[in-house]
Structure formats: structure tokens, C-alpha cells
């Protein structure tokens, strides 16, 4: 390493990656003491440091060869005599002891940044370090490991490249959940990485998802490291003294974690390289997230600047299969590689590398030897040859765009070039993109025309996207044809999704339900009726179904039937036959975790979309009531409102297209959502906007009118109610008559069109049974069975009841009940029977408890119950003729008031007065709160006045009269006269309070006049009137005004919502009004209790009709989504226009000129050539005025484009025979660049080592040389003999099937080389080929094989080749019949241990 320039060098390993950026665990200092001591104990047991065992004085007096002074050595290290001058060895003269430096470090300066650190021994196993990172420090395993290397000192990045580096590094780390690993010091490229981490931390508000930057530095090279010692239970404070660090280096304060590698030395750099390489290799072998596809965590090396050490790092990384991204323009070796990347190897010569080294290294180039330049040339050529592992990020090109894209594309390029099938390669790339959550990469690089995706190939990626909560990928996969049904139809797939739910309210509630079930008794866990293996607290679909039913309401049935649930309760009749909609399952799963994006995707895939949206609104509102987090509650309510709007939008599209179908959607039973209806879900979810929709109200109006036509005037209805024979004269219209008339008109129009056009328009659908008009009793039953007629009959009946009640109270209330009073009691009894019927009538299946709650929640039902209870109590008192007769009458009179108030319910059906009733209810609530405020002033003034005027009043009635009643009357203008002496009359009061009919006189003076000060009572009255009459009454008026304004805008929708309950009540109410309703009650009792006939049936559709209706609804949903997107695009148009104007302004600025890309240059010159041809033709054979333009032959050779000759030369040189490492050799080969391979080329400095202990150099010179050229090693090497070493290999092939779509060949696993190879082995000479073949294949097989043919013979590029020994192979081919008798012999041959 040079003094002026330095770089961080190490050997990264194979690829690495996980699901999210690992979040740091809580600070040790903030943890409970027990946890801190446990962590400290783990560190001392597992993490060690290095100490010197032998003080051996080095060149500097008083300092050991380890670099530490004598004073820092233990006494035992100073005892051995003769230590001075000994050769000190790190492996022999150091030992491990428990570490004394770990915990958390706080860096000084602004921000007080805190990081975790540990001093670790160089011999620490990578497994321990990985546990330290993930378990002790709480980091989530990464989805990608980015290893950054390059210049360590005197390194400067240009502003533009620095900005792109920061932006790209931040983006790739945040989107993929990557770990960034550097040298950790505050210098060079590591400093720039730290600045990127700082920028991301400043821009992110949340502490979660922060970038993880792990710095691995040499402990002995850290300045001010003593501040980190013995800080396990306390925060260490580290000061960055860059000016005084000398040859040492400071830690970078922006890194989140530090592993400080200690080998027992001081001042030595590069100690961490070996351990860092081993740790990266271990991480690269860890599985990627929860993927079951066998993917490992990928690793990528990012290179900026750097010197020879960085070149070795790049070379070794690429040999290990790690892709490298080189930043062009960062300096030195990075620019050298970037300059020649893509060039043909024939052009990358030693002279060119000399030139580039001189250009980019400056004065440092003069320190390089010629032999080193040759070695570096060879390594650069090998790097360029591995083009699938090399990516150059060029600022001047738009190919990669951003650095993050270049990094990810480099990993995808590696996956593309691995020796696997095309389908496996594309799937591996897709899984990587899913793990990184980079939809942009998948869209541009994976889902291309080249990749022919099938639905089954995308299923694993789809499941990973769902469990990883990646909605953009879910949408992308759906757009590319993945079958959601196949994904969720797999065994336990949906159950696994629920078990992979993130922390949410639904998960916590379901887990409680699971634990309650486990405590109550052993229960099997079932998934869709199939038993699942017990995994402790594993969530099953039965648990999900129970919790969903709790959220939807008990009126629904179980969505996911399973064992242990009654089939009738779970799904009703035929529920097992109807398959579940996968879109509905996905939508419900997303809604339950309050995931807006995934829920939107699931809703778009739903078949029963309107019912799904209303169910989601109900579930979210129910969860919002139960959840305690205010922010989460707000999010749930917001999402619930969104799906209410979706339901309204879809229904609007349906209603505008076909009103009849739209109304059928409202009342049909939905098997997917607990066999309930849309209208029921909307009411339970309190979706007033949906119920207030014009189409829903039209349906309610039709239900309200029954079989009567909606257009009938009320006066005709009233007349028909009294004179029912009018219905047989056509005086009153019926809905069926209108339907028949419309059908007749439609048929007439079709006949007319057929007559005019001569074509047949009628289809088989028109031959269905036609409706018949209502006749006789049917018309009469339809009239009196209409809820509208029932309502008016009940109003008349109620008026009659009130009239009878008033007559009894005022005229005929005798000691012995008269016949009118008995009739009143019978009438009331029928009202009581009707209320009991309403309480127990449960067509929706709520259950008695829920039905009772719904009944009591209605104000009119409360008034009904109150009036009946008061009547019963008053009747009991009235029948007691001695003492309580009059009290009973008083109670009945008060009860009459309640009955009259109940009369207001008739106005709720009125469109004019109904909303006003709602306003009155709200104002009554405001009045109660106001009365509480008013009572404070009334009581305060009344008690003070009573105490001043009257002395020791003992009568309670007069106390209340003076303290409460009189102050209340003052508000309405009744000013008392006893507060002033002017109108005092002693005759109007009693002095001692003995007269109960007179108030007590005030305290009198000697003149028999009141003793109280009149000025005080008058002043109190003025103040009381000021606040009570002026302030509080005006406040009440203001409250009423505010309530009116707030409620008035919503009263219409509220009234329409509450109107349903009235319509529902009279739709199920018996036709006869009280008191005749008693006969209807007897009929219903006999029908339901004795005959067991249900009183109400839900609308069930045939399967074909159901599918047709849902398909039509899906089409309307698509129209709604399309119109919604169009509205959004129109709202964004203005932004786009503004952006376009800004871009035009930017483009107007002067820019630097760039040369045309080669393809555009060729197009330009082709255009000139065509123009020259046209000019020549126009001159009619004469010579053109210009010379013909030069075409592609004169084009400059772009980087990456080579001539055919160069490529042929490159293909002719051996590569494996020139690898630096040789099997079994102690040292590397001599570097042989591409141009020096042929023996004909003079290579004066060629001095290869010898690897042949049995032969002398003189004997080696007698043997012929390698026909492939120089290899960098002389001698026999690892081959059996000098010269050619013949090898025989056999290619056995067969067709996979009769169509011959794929050709299979036989391969055997070579245990020594750890790779697949063709069956074969070495032979002695060409004369022994047949015998060797027979020995290899077996005598029977050899005699049977007559179709052997030789397909190749010659030199082979083998890693064992040397200058004097090489491998020559003969390849024989044999095509076999798949069903022939030779297959058995071949199987025996493969099992032969000789071949293996």
C-alpha cells in the first residue's frame, strides 16, 4: 500500500439478501438491567480479543514487534528471556481472552449519533458474528449485501457522481432491505457511504427502516480506541480527532454497527479482510427471506477508485461468482477497468494498460514494476472475460439510469448467465425482484417479450408477494396472467397467509380466540374441513371464520365452514357446492389487516364486488370501535368510507344501466359473505350514503307500496281502502299491470322491427311464461297487504285508540270499568302482543340478545315500552279502589302524554317532516346538556335567595318552591315581589310557618319589616337575569342554530337511512290493525309454532342466473374503475402540463455536446448513402457531384465491439490453463496476458515456476511444448505424464419423448472436481481406445453398441495443463432408444463405482 494513496481490499464472496432493512434493537443502556447483564455475559462468553504472549522488541526501542509498547503487555509476556530479536508470529505468539470492548458508542458533535460496536478476534467464526448481528443486535437478515470497496485515503468524488452514488445507495438499501458493509473508517469511500447513511437518516422521520451500514475495521489501526474499552454496560463516548490521528484512522460516525477485528497487532491495516470475506461468504449461504425456492442472499461489490489491492479484491470476488459494479469517473483502477470493459481481449494489451495506468494513477504509476503491470493486465483481461459479472456504471449513458438500477441489474445478469434452464433463470430473477420489492426492475428486465411466462411459473412469486405485503408486485403478477385461484387453491395456502399476517388488531384478536379455544379443551385445527397438523397456536380457518362472523354480525353465517361447525349454520343449503371466489378471499385477508393497497387489488378481483365493499365497511367500522389506537381507528374509518364510496359507485353504474338488475343485486343472498344481502350489510355498517342512494330508495319505495303502483296518488289509495270494490275498476294501478304493459309494448316494438327489417329478433328467452294480471282476491290481498295501506290503517287505528283513551280519562272513568274502558284494555292488549311479536320476530337471524339490543336502541320502541309499563302500573293502581284509585288515573293521564308523543313516529315516513323529526331529536339531546348548565345558575341563585329571605324554613315543599321553582319562573318573566320591602304584606305570610298554605315570613326587624338588605337581593336578581335570561337562553338558541345547520345537510340521508326500519316494520306487520290484529297474531302462532312454516324466505337465485348477474356486476365495476381512473388522470393533467413547461425551461439551458451513439451514427451515414444514390439516379447515369460516403468500415470501434479476427483469436487461446491458481501448487502461475500466449510472440520477462519434482529443467526442455501456447507453469503438474495425456469421454443421448422435443444426455458426478462431467477417463494411447472403452462400458454394452461415432478429437483447455503437459480428448457419441434393452446396461454402468 502506497503512502499517498490507499484502498480497502478484501475478498467478497458469493451473492447475499432478506425482506426488510434490519432495524437496530433497543439500546443496551435503555434496556432493563437484567437484559443488559445477560447481553454482557453473552459477549464475554462468545466474543474474544487477541493479546500478545511474547514481548519481542522490534526496530523501535521499547516496542514489541506486535506494535504495542512494553507497558501494555502482561507480565507473563515479559518473562521469557531472549525474546528480543525473535521472529514474532501472530499465530504462535497471541492468544484469545474475553473481549473488553463492546456495547454502544456515542459520537461527539451535533446529533449525538449512537452505534453498536464489538472488538472481535480475527479467529472468531462467522457464525458467531452472524448471531451477534441478528440476535444480539436485532438486525433483520438482509435481502442484499452490498460490499463497498475502493480508495481509502485522498479520495475525492465529483459532485455529480457523489450525488448519484448517495441517491442510488440510499434507494437500493431502502427498497431491498440491504446491509452495506465497508471498512468503517472516516476516510475515502467509507466516508461517502457514511454520508449517504446520514442523508437517509435525516430524510426519514421514522427510526424503523434506517439503513444498516456495518463497518469492519482493524482494531489496531483505530485512533482513540481506548475510549471503547470496558464500556459493556455503559455508553462509550468516542471523539473523532481527524487532525491528530496520524497513521491511524478514526471510526466513521455515520455507520450503524462496527466489528473491530483484532489480531493482537497495532497500526496494521487490512487485518479485517480475511474475516470480512468469511462473514460475507457465510451470509451469502443463508436463505433469502422466507423463500422456499433455495435462493441465497445475494452479494454485490461496488467499487469506487482504488489501487492494486482493489484490483485483487475485484478479481477474487468475480472468481467467487460475486458481481461487481464499477463506477466510472471515480478514479484510478475503477476508471482503468471501466475504460476497457467490453473491449475485445486482443485490444487490451500490456502497452494499453501501461498507458491507462499512467493516465489515471499519475505519479503513483512510477512506483509500479513492469512485472506488476503484466500481472494486472492478466487480471484485467480475466475480469473483462467474465462480462456477466462486470457492470460499469457510466454517468454519460442512460442505460442504467441510476446506480440502484445498475446494482440490481448486475445481480440479475448473474442469475441470467447461470448454468440452469431458461425458465429457472427467469424465475430466479423474478424471486430476486420480489425480495427487493423492485417492480420497475421486473417490468423492464423480467416481463419482456423474451420471457414466455406461464401461470404456474408465477405462483410462488405471487405467494411471496402476498406474504411480503408487496401490492405493486401482486398487481404486476396479476396483469401478467397469474391465476389467483391456483395460488390460493394450494393446500393450506390461505391458512398460511393468515399465519403470516403482520402485527395487527385482527391477528391479536384471533390469537386470543385460539388461546381461549386451547384452554377450553383440545380442539383440532381445521382448514376448510381438512385437519391440519397441530402447530401450537397456529391459526386455522375456523378461527378466522369465527372472528369474521363476530365482526360482520351474528346475522351472517360462517364464511369458511369447517369441522366442528354445523353445516347448516356454516353455509346453509348447498354451501359446500359453491366454490369460494379467490378474489374475495384475498380481499378479506387484506381488509382484516387494514392494508389499503392490497385490499384495493383484491376488491378489483372480486366477483361479488358490491357486497364485498359493504362487508369491508362493516368489518372496518367494527374493528375501529374495538381498537384502542386512535391513529389506527382513523385509518380504519377512512378505509371504510372508501369502500362505501366504491359500493355507491358500482351501484350507480348498475342502476343507470339496468334498474331491475341493480335492485336484484340489493336483495339477493350472497354465499360469499355469510348468506346475507347488500342492503342488510349497508344497514349494519351504518352506510347512510349507500342507503340514501336514489336506486336504493326506489327499491324501498317499491317495497313500501307492495304490489301497488308507485305512481298511485294517495287520495286514490285512501278511497280504495274504504271502498275496496274500486280496485276492480282500474281505479288503482298495480305494479304487475305496469310490467305486463311494458312487456307487451316491447313485444310490439320487436314485431314492428322484424316486419321492417325481415330478420328474426325474438329468441328463446322470449318464450318464457308470461305474467298474468291480478284477479279477484289477489288484488284485494295485494291492496291490504301493502305496507303503505297497513301504515295508514294503523294510523287510523292509533287515532281511534287515543280518542277512546281520552274519552275514558275525561268522561267515563268510573269505579267500575265501563264497556269503553274494557275495550280500551283489550285494545292495549293487542298493542302489547304486537310489541312482543316485533321483539321476537327475527327474520335476519340476529339472535334474541342482538334483537333485544336493536329493539331497545329505537326511540319509538322505548316510548312504546314506557307507555305500556305506565299503563299497566296505572291499571293496577286504578283497580285498587280504596287508596290508589286516583293515583292510577293520574298515571294513566301521564301515560296518555307518552302515547301522544309516540304519534310523532307517523311523520318519519314523510319526506318533508321526517328530516325535521331527526333535527328535533338532536335538539332534545342539546337541551338536556343545556339544562344541566342552567340548573347550576338556578340552584345557585335559588339557595342564596332562600337563605337570605327566609330564616330556618322547615317545610320541604316550600324550600323547593323558593330554591328551585321561583328562580326557574323568573327566567320566563315572573319576577318575585318578596325581594323588595315596597310590596311587603305581613298578612300574606306566616311568621312561624304554622300555616301550610302561606310562605314563611322573612326575618323581621323591630319595625315588623324585613331585615334583609334590599339592595343585595335586587343586585343578585339583576345578575341572575343577565346570565340566565340573556346569556344562557341566547346560548341555547345558538346551540339549536348550530345543530340545525350541521344536521340539516345530512338529515336527508339520515332520514332515508332510518326510513328503512319503518318500511321493514310494516312489511312484516300483519295486515289487520289493532284491535283486529289479534286474529293475525293467532294465525301467525299457528303457522310458525304448530305448522313450523318459516315466515320469511330470502331471495335465492339459480346458479346460472347468479353467474350471469355477477358477470354483469363485474362489467359495471370495470366501467366504474375506468371512469374513476379517467377522473384522476384529468385532475393530474394540469400537473403534467406544469411539469412539461418546467422541463422545456430546463431543456432551454445550454448543454454539453455528446457524440452520437454508434447505432445512430450508422443510421446517419446510411441516410447519407441513400441520398447519394438518389442524386446519382437523378443525374441519369452521370457522376454525382460528391464522392460516395464511407459506411460502417470507417466507423470507430466502440467499446465492446470487436472485429471478427480478434474474436477468432480470442477463441483460440486457452483460458483455464492460464488461471493463477493451480491444483496442488504452492504458488500461482506466472501471469500470461492474452497477447503473450502464442509461442511465436517473444516474451522476454517470461519466468514461469516449475511444478514437477521428478524432472529436471534439462529434461523438460526436451519435451514438446503445449500446442495451445504459454500457461505460466512448466513441468508435468498434476497430470500423469509429460506431453499429451489422452482422455476418452462418451456422450450417451436419448430423446425425451416421441415428438423429439428435447434431447437428454448422461452425466456423472465427479466427487473430486465437485461438478458434473461426461462418463470417461484417461487412456494410455490411441491403440488402446477400444479396450479402454470396453472396460469403461462393460463387455455386454460394448458388444451391443455398434453405432459409436467419433465427434471430436484434440486439445482441451484444462486447468491442469502446463507448458509441457496437456490434455487431449476423444469424444464418442451414441444415440440410444429410450425403451431399448441397452438402458438397463447403462443404468448398471452409471452405478459402477469406477465411473463415480
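The backbone N, Cα and C atoms fix where each Cβ goes, and this holds for glycine too.
Curation does not apply to TrEMBL; its annotations are automatic.
Owing to the predicted nature of the structure, the values given are computational and were not obtained by experimental measurement.
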Between 651-671, 672-692, 693-713, 714-734, which stretch does TrEMBL give the note transmembrane segment?
714-734
If TrEMBL is the reference, give me the range from 557-584, 585-612, 613-640 marked as coiled coil.
613-640
Per TrEMBL record, range annotated transmembrane segment [choices 764-787, 812-835, 884-907, 956-979]:
884-907
According to TrEMBL, which of these ranges is transmembrane segment: 504-528, 529-553, 854-878?
854-878
Check each of the ranges 1155-1182, 1183-1210, 1211-1238 against TrEMBL and return the one annotated as region 'Disordered'.
1183-1210
For the coiled coil (613-640), distant same-chain residues with Cβ under 8 A (at least six beyond the ends):
505-506, 509, 548, 551-553, 587-588, 591-592, 594, 596, 599, 603, 646-647, 650, 673, 678, 681-682, 684-687, 690
Surrounding residues of the transmembrane segment (791-810) on its own chain - C-beta under 8 Å, 6+ positions past either end:
717-718, 721, 784, 818, 820-821, 823-824, 827-828, 831, 889, 892-893, 896, 899-900, 903, 906, 909, 1062, 1066, 1069, 1071-1075
Please give the sequence-distant neighbours of the transmembrane segment (884-907): residues at least 6 beyond its ends with Cβ less than 8 Å from one of its Cβ atoms.
791, 795, 798, 801-802, 805-806, 809, 813, 815, 860, 863-864, 866-867, 870-871, 873-878, 913-914, 916-917, 1062
Over the span of the coiled coil (613-640), how high is the average pLDDT in this prediction?
92
